[in-house]
Each structure stands twice: as C-alpha cells, then as structure tokens.
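To keep things clear, I will list the structure first and then write my remarks on it.
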Amino acid sequence: MASESLMPRSESFNARVRGASHIDFKTATTGVAAKAMRNELSALVNTVKDPETRKAFDMEMQSFFYLFTRYLAERARSQELDWDRIKSPSEDKIIPYAKLPPGNVSNLNKLAVLKVNGGLGTSMGMTGAKSALEVKDDMTFLDLTVRQIEHLNTTHRVDVPLILMTSFNTHEDTLRIIKKYANQQLRITTFNQSRYPRIFKETLLPCPRTADDDKKHWYPPGHGDLYNALMHSGVLDQLLAEGKEYLFVSNSDNLGAVVDEKILQHMIDSKSEFIMEVTDKTKADIKGGTLIDYDGQIRLLEVAQVPNEHIEDFKSVRKFKIFNTNNLWIDLKALKRVMENEGMELDIIVNPKTTDDGQAVIQLETAAGAAIKHFNNAHGVNVPRSRFLPVKSCSDLLLIKSDIYSLEHGQLVINQNRMFETTPVIKLGDHFKKIQQFQKRFKKIPKILELDHLTVTGDVYFGRNVTLRGTVIIVANEGQRIDIPDGCVLENRLLSGNLNMIEL
C-alpha cells in the first residue's frame, strides 16, 4: 500500500492512475494542477497521526485524486455531448410496469434494501439528518422504511436487510436514531460514504488544511459514490457472503420507493444487471435526469451536463418523456465484477458553491444512475408516479401529511375518496419555506381531498379544520397578515391582502 499512497514518493501511484484512465495530459496546466493537488493531498494525509486512520484517509484521497485527474482531463479536452447523437431510447430499453409478470415472494431472500441517507434537509431549514423529519402520523422517513421492511420480513418470512448509506453530516445522527429499532424484525447496517475536499475554483487546490479541518471544507460527493463506498466499507462483500444477489437503492426522502416483487422478478427473468425506475415527466420534473440512447448505448443525461443552448430542449416533454426516480435495482455480483475489472467511470457533475466568506469553490460529484452504462441488459422500467413521492420542500410535506394519503404498514396509500388520480398542485411561498415556520402557520393540516391547486404567498396562518377545495389562491400583501379562521371552507377562492374573498 505504502508505495501506492499519496505520501511524497508517490510516482508509482501517479503512473498507475495515468495508466488506468489513459489520460494524455494535453496541456501543461493540467499536469501542473494535478501535481499541485497531489502535493496538497500528501500534506493532508500527513496530518493524520494514527496509522490505521491514515491508511483509510489515504485511500479516500486516492479516490478523490482519481476523480480530480479525470475532471482535469475532461476539462482539457472540453468534450461536450454531441447533441445530434442523442436519441430517445428504443422501446425495448424502457419496459412499461403494466407488462411485468407477477413476482415470486421467495426471491425476496436474495434482496437487500439500501437507502441513501446522506441528506441534511438544509433547504427545509433543518440542521440534522433529513430522514429524522416527522412526515406522517408522528413517524419519520426512517420509521416508515423500517415499518415497511419489517412488514415484508414478517409477512413473507424472509430476511431483507436494510442498509443506510450516511454522509459525515448525518452519520452520528443516524447511529443515534437507529438504536430505537434494536428489537424490530430486521437487520440494519450503516456505512459512511466518502468525504472529499472542496476545491477552490481559482487555484484548483483543496480547501481543508488538515484531515480534521472544519466540516465546511468537505463534501459528500453525491450518490454516485455509493459503489465506491459499498466496496471500501466491506458491505458489498458482506452481502454477497450472506447470499444476497440484488440491491434495491433509493433516496430516503422518496416515500414511494417501496420494495416491489414484480420489478425484482422482471430483473431475474430478463437477466438484467441494472434497472432504473423512470416515470412520465410532468411540468414539475423538468430538472430530473433522463435516459438517452447515445451511439447505441443507454446512458443517463443530467441537466448539469446539457449545453446551455439545449436546456429548453432537455426540459421539454416532447423529446424526453421520462425521468429518473433514482430507484435503482443492481445485481451485486455484476457490481463486484465491474468494480474489480473496469472500475466505475461515472460522468462528473461540477457543482459550484460559494463559501460563507464569499469564496468560489467547486464540488466534483457523480450520480448513481450514471452507472447504467457499465452493466449488461441494463434498462429502464416506466413505473407509476406513486413510486416517486419525494419530500424536497414544505409544499411536498403538506401533501404527504394531508388526508390525501393514509399509512398502511409504513406505506403511503392514496385515499379511496379522492376523485382524481392526480394529486393537487401545492405552492407555498417563502414564509413556509422552513420547517419551523410551516409548523407554526398550520394549527392543523387542512382537509384537501377535493383540492386541485393551492398557492399561498405572504404572511398567512391557517386555523383548525380548514377545508380547501378546487383552486384556492391566498395572497397576503407586504405588511399584511391573513388568518384563515377555524372551520373555514374555501372553494375556488382568491383571497387577497385585506381578506376580500373573490369567487373564481
């Protein structure tokens, strides 16, 4: 290991990286930047005193350096996607869910479930792990997942383990939370995804000065890091040793991502090594990644990879009718083969950020779905929208908490009395952005069974037992406050500044 570490004397390591990625450093600056980064990373590794910790940290920095050199090489070649070579995938590459065969319950013993649990929920004003947010009936995202899998295990007498991939931001939090599940009928394994240094945009040097430098100088490199982290943590080998063959991966904030026996059966029947669940795109999903055919190969295209002049094209439903839900089904033996033989070369997504003191930094990230290009018989399954119910904002939260849904064994079920298959469109303004505000402004969640559209902007408070129907728009002007009284029924109303009720 020592000779292949990032310590000084790491010429052999550098040669290995160069050989592995066939990088021909075309520009002098690329070589200089790589060398400077390597020296800085060596210095970082040297700040770790304990030999075991240093070895693990060194390995992590090697993975980061490999990603960084790939980034430099791509930047030097400035390869953009050739838009004319992008086609919609052929029909055999996107299978409709309705065509899948019924599942065989015994397959569940070959399955493990992984939740990507690294998110902080900062956009909703949370400080801890997002999965600890109470979403329905006093239960958190994590409670619901545990309830679902426990129900699966007890009903079918199977052993589906739950694996949580945390980030350095959520690891402690998660370990504390899962203690309460000690007596449940399921095994929970947690492992930490990588922690990479942020890079100053101007100098292309790492932000942290020491390995234990402040959290703000580091970042978790996106869910594409899943494969690396599974491998290095030993979890992949552990699953294979237990006889697990398939892994169902999803984001912990997607409440629709429940185990589905039909998709698992289809995966086995079609000998597919990788399945991505996609669903029909609506106006709300224009940013979601999509599956494309690129030179006859199926690939994931993210909005961050699209040249500016084609952004509108990407967002339109005409050319790209589906988007990636990030519910992924992976063959574990195939994953081990890919990791050991060719390695994952996932498309790099450059995420620009600004530090608290105004410095421009970049984060090099990857997306888990991009791995689709590495696997045999990989394809998409077009699933119903009900398998994609993410909670990204307080508007989403209002919908989930409402009477539109009820819970059965930790699973969200749409209310039988809802007349329409679609859920209402809810747009809450900035006053409702943070979870604390949201909780303060709703004494109780309104009844919205017959609601089509709700828009609320400004300083608005809802009383108890409010009912909203049809289209309701509530606009409190600057400096004004609107209180919706207890028991109020609003049907097709526009309420403005001074509580004038205007019928729509």
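Just so it is clear, glycine is given a Cβ too, placed from its N, Cα and C backbone atoms.
For reference, TrEMBL has these:
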BINDING   LYS130, GLN193, GLY222, ASP253, LYS392  UTP binding site
BINDING   HIS223  substrate binding site
Candidates LYS130, GLN193, ASP253, LYS392, namely the binding-site residues, that fall within 10 Å of HIS223 (substrate binding site) by Cα distance: GLN193
Around the Cβ of LYS130 (UTP binding site), the count of other Cβ atoms that are within 10 Å: 25
Max CA-CA distance, Å, over listed UTP-binding residues LYS130, GLN193, GLY222, ASP253, LYS392: 21
For the binding-site residues HIS223, LYS392, the one whose C-beta sees the most other C-beta atoms within 10 angstroms: HIS223
Intrachain C-beta neighbours of ASP253 (UTP binding site), sequence separation six or more, cut-off 8 angstroms: GLY119, LYS130, SER131, PHE141, PRO390, VAL391, LYS392
